[in-house]
Each structure stands twice: as C-alpha cells, then as structure tokens.
Amino acid sequence: MLSLPAWKCPEWTFNASLVNTSSPEFTEEWQKRIRELQGAIMVASCVQMLVGFSGLIGFLMRFIGPLTIAPTISLVALPLFDSAGSNAGVHWGIAAVTIFLIVLFSQYLKNVAVPVPVCGGKKCHTSKFYLFQVFPVLLALCLSWLLCFVLTVTNALPTAPTAYGHLARTDTKGNVLSQAPWFRFPYPGQWGLPTISLAGVFGIIAGVISSMVESVGDYYACARLVGAPPPPRHAVNRGIGIEGLGCLLAGAWGTGNGTTSYSENVGALGITRVGSRMVMVAAGCLLLAMGVFGKIGAAFATIPTPVIGGMFLVMFGVITAVGISNLQYVDMNSSRNLFIFGFSIYCGLAIPSWVNNNAEKLQTGILQLDQVIQVLLTTGMFVGGFLGFFLDNTIPVHLHSRNKAWKDPPFDGGARMVLVEDCSLPQRELRERPCDGTLDGPGREGSLEERGLLVWNQMQEDSEETAKALEVYRLPCGIGTKVCTSSCTQYLPFWPRLGAGSRERGRNLLARLFQDPSGARGKGASETKL
C-alpha cells in the first residue's frame with residue numbers, strides 16, 4: 001500500500017543527515033501513513049473475522065488436501081532464501097557458529113540430560129533436565145550474541161561502517177538502546193484518528209487473504225511438529241477468527257501491521273519440540289512487558305544481523321521440509337500429482353519474482369484493482385496454494401481409479417455390500433450401497449487415495465472426535481466442557497464438537513459389513529482399518 005505514489009516519501013527526507021526527526025513536519029509525515037494503515041487494517045480485519053467465525057474457511061477445508069497444503073507451507077520459507085542468505089552473509093563466521101550451535105543442541109545433544117538441583121520438603125536432590133532439547137535456539141542465540149559482544153569489545157570486528165562484518169558488532173544499534181524510554185504505555189488512537197481509503201482497504205484485504213492461506217498451512221505444520229492431531233475445522237475457524245481480532249486490536253493501537261501466524265515460530269517449534277500453550281502464554285506476557293518497558297525491547301533490537309541470519313537458515317529449512325512432508329499421504333508415483341506439486345511450487349517462485357520486477361506491466365487503469373493484483377501475485381504462498389487447490393480439484397484421472405471400495409464375499413449368497421468413496425459428494429464421505437460388481441460414478445476428481453485425501457479426511461474426522469483432539473483444541477478455562485455447555489453452542493462453527501457418535505456409527509457400519517447375521521466374521525474377510 002505504501003508503494004503507491006501518494007505515499008512515497010518526499011524528497012527532503014531522502015538525506016537522513018539533514019532531517020530533524022523531532023520536527024513537527026517529519027512527525028506528521030510518518031504519522032499520517034500510520035493512520036492510513038490503521039484504518040485499512042481495522043476494516044480488513046473485520047473481513048477476516050467474518051470468514052473465520054462464520055465457518056467459511058472450515059467449509060473450504062473439505063476441498064483442501066495435501067497437494068494444497070504442501071506448496072503453501074513450502075512457499076512460506078522458500079522465497080525467503082535471499083533474506084536469510086543476506087543476513088547470514090554479513091559475517092558468515094558468526095552465522096556458521098550460530099548454525100553449528102543450533103544443530104549441536106537440537107540434534108546431537110537433545111537426549112543429554114543435565115542434572116539440576118531440586119529441593120522438596122527437607123531433602124534436596126538432583127533431577128534430570130533435558131536443557132538442550134528445550135532451549136536449543138535460546139542457548140545458541142545467547143552464546144553467539146555473547147561471542148559478538150566479546151569481539152566488539154576487543155575490536156576484533158571492523159569499526160568502519162562499510163567494512164565486511166561491521167554489522168556483526170553489538171554496538172551498531174547502541175543509539176536504539178540509549179534513546180528508548182524506560183516506560184511507555186501505548187493506547188488506541190495514539191497517532192490520531194484512523195483514516196480509511198478504498199485503495200488501502202483493498203490492498204490490506206489482499207494481504208489478509210494471503211495471510212489466511214499461510215495460517216491454515218501453519219496450523220497443520222505446528223500440529224505435525226509437536227505430534228498433535230491435525231486441527232479440526234472448528235479449531236481452524238476459531239484460529240482465523242482470532243487472528244482477525246488480533247488485527248483489529250493491532251490496528252486500533254496503531255502498530256502499523258496486522259497479526260498472523262508467524263512462520264518462523266513454526267520452525268522454532270520444530271527445533272525446540274516445545275508446543276505447550278502455556279509457553280506461548282508466557283511468551284505473550286513477555287512481549288507485553290517488552291512493549292511497556294522500552295529498554296527491554298530495545299535490548300533485543302541489538303542482536304547482530306548474522307546471528308539472526310544463521311537462525312533463519314535453520315528455521316526456514318525446517319519449514320520447507322514440513323511442507324514437503326505432507327506429500328507422504330499422496331501417491332507420488334502418479335504423474336498427475338507430480339505435475340500439480342511441481343507446477344505449483346515453481347509458479348509460486350517464478351510469478352512473484354517476475355511481478356516484482358515488472359509491476360508497471362500489470363496496470364489496468366484502476367488503482368485499487370492494480371494494487372490487489374500486485375499484492376496477490378507477489379505472494380508466493382498464495383500463488384502456489386491457489387494453483388494447488390485449483391488443479392487438485394479439477395484435474396481428472398483414469399476412470400478405474402476414481403472410486404475405491406472395500407469388498408467382502410456375499411452375505412449368505414445375497415447381494416454384496418461395499419463401502420464406496422463417492423467423489424461426487426461434497427463431503428467426500430463413505431456411503432453404503434449394493435454392489436453388482438461394477439464401480440461406476442461421475443468421477444469428476446482424482447481418486448481420494450491417489451490425492452492423499454483418503455488418509456487426510458480420515459485424520460480430519462478423527463481429529464474432530466477423539467479425546468486427544470478435544471483436549472488439545474478445547475477452549476480455555478473449561479469453556480464448553482464445564483461452563484457454556486448449552487446445546488445451542490454446538491451450532492457455532494468455531495465451537496468444539498464434544499460428541500463422537502459419527503465415528504462410532506462408522507465402526508458399526510464396518511462391523512455389519514464384515515460379519516454375517518450370526519455375528520461371526522465372514523470367511524475370507526480380513527481386518528480392515530480406515
């Protein structure tokens with residue numbers, strides 16, 4: 001949005017040495033931009049809350065499978081290779097030390113227990129604590145930061161701003177720490193009354209759409225990394241809605257940006273293996289303290305650039321691998337699936353690169369439309385995710401593989417019953433019908449098994465109903481289980497489903513199919529697991 005001609009910085013601000021940052025003119029220049037962003041973010045956040053809390057995103061999840069999720073997650077990190085490489089390239093030695101420490105702590109020493117003294121009652125004893133498994137990134141960050149500080153104090157790093165490795169010094173941002181106030185309480189409207197423009201709203205809405213696509217991928221990536229069940233639809237609805245609420249609050253407070261799932265934190269989960277919600281709550285409290293006590297936040301701003309670059313190289317690699325790992329549910333011997341995934345990934349890299357370099361060639365004459373097109377086409381995860389979604393739901397396969405069935409010998413010589421995956425049903429659910437030996441059907445889409453949706457949808461159904469999923473994705477403070485347990489709440493798209501009746505019905509159906517009237521298993525029938 002700020003790349004539009006109306007919001008380009010005036011020429012008198014180009015030379016920073018001649019600008020008085022405390023002057024009223026300069027203050028008004030940046031505050032009016034913040035107010036414009038505030039209004040656009042607040043309006044766009046209402047759209048995101050509507051999509052989440054209405055259940056629209058959960059409805060679309062029935063058409064989203066591994067071939068959509070895999071390129072979306074992978075393209076969260078792949079386009080950032082240039083940023084990670086540039087940060088690490090400030091001083092490859094410091095970046096290599098950071099990478100070495102993260103790999104050492106998270107992979108080689110993760111099973112090494114450190115004795116920790118514990119006092120309980122009248123006796124003191126030692127307890128095993130897996131320090132390197134819990135804090136690999138934090139330990140590597142602190143040690144690399146300390147190394148940079150020692151090299152800065154001893155002037156081992158160059159002092160000239162143009163010299164290679166200068167940004168590895170810890171005093172390059174010393175003025176940030178000295179100028180930061182000790183205490184500052186932010187409040188809504190601190191920069192003035194937010195302003196709203198149509199171009200700004202459409203631009204932020206385009207970003208919100210991309211953010212929702214990324215967030216859905218992040219939810220699945222987090223669940224896979226911490227060993228949790230896949231997020232059920234009500235959890236996805238709730239997550240998108242709460243992100244919209246966070247954007248609304250961020251816009252009101254004038255942060256200049258919205259809130260979304262941070263993909264770098266997904267990489268941190270993969271390295272630390274810590275997925276406790278209480279850890280996230282503690283981190284949120286820490287961030288609140290950092291926002292109120294200015295010196296604390298300013299201290300973290302002094303982390304040297306190559307340390308950040310080394311962390312990015314490891315975390316972005318983990319995110320990319322998590323995205324690709326979703327293909328384990330897909331038949332990758334199928335040329336159809338190979339084409340969808342490869343084409344989606346490559347277009348997600350190529351199209352944003354071209355648009356960034358040739359933005360002037362996408363001018364339609366309508367400012368708002370130009371902005372929406374540019375934002376969407378420069379977001380790799382949106383391009384790749386959209387192509388994966390569209391192609392996976394439209395490209396057909398051979399007729400014989402469009403439907404799958406579990407067969408059993410005839411029941412007492414009668415009509416044989418099968419469970420058929422009917423691809424024509426929007427829910428892609430199993431249905432029971434007599435079988436005359438043929439498995440015909442409309443077959444407009446690829447088979448569920450080939451597309452990975454057979455296992456994927458079964459995981460979704462299990463995550464809706466299992467006790468583990470209810471425990472992981474329940475509402476806090478007993479909401480829905482101890483309080484607010486009215487049956488009316490079950491109709492809310494973002495409310496947890498407490499019943500497991502549909503899964504039991506599916507088991508009973510299988511039992512009927514594979515047993516004769518006397519209750520014994522049919523001859524030749526084998527154990528079948530969905």
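Each residue's number is its place along the chain shown, starting with 1.
Any Cβ shown, glycine's included, is placed from N, Cα and C.
Features of the protein shown, as given by TrEMBL:
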type     : residues : note
TRANSMEM : 40-69    : transmembrane segment
TRANSMEM : 89-109   : transmembrane segment
TRANSMEM : 130-153  : transmembrane segment
TRANSMEM : 191-209  : transmembrane segment
TRANSMEM : 279-301  : transmembrane segment
TRANSMEM : 307-326  : transmembrane segment
TRANSMEM : 338-355  : transmembrane segment
TRANSMEM : 375-395  : transmembrane segment
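Only pairs six or more apart in sequence are counted, and the transmembrane segment (191-209) with the transmembrane segment (375-395) gives three or more Cβ pairs under 8 Å, enough to call it a contact.
The transmembrane segment (89-109) shares the most Cβ pairs under 8 Å with 130-153, out of the stretches 40-69, 130-153, 307-326, 375-395.
Annotation: stretch 375-395 has the most Cβ pairs under 8 Å to the transmembrane segment (40-69), among 130-153, 279-301, 307-326, 338-355, 375-395.
In this chain, the transmembrane segment (307-326) lies close to the transmembrane segment (130-153): three or more C-beta pairs between them fall below 8 angstroms, excluding pairs fewer than 6 positions apart. In summary, the transmembrane segment (338-355) does not lie against the transmembrane segment (130-153): fewer than three C-beta pairs, each 6 or more positions apart in sequence, are under 8 Å.
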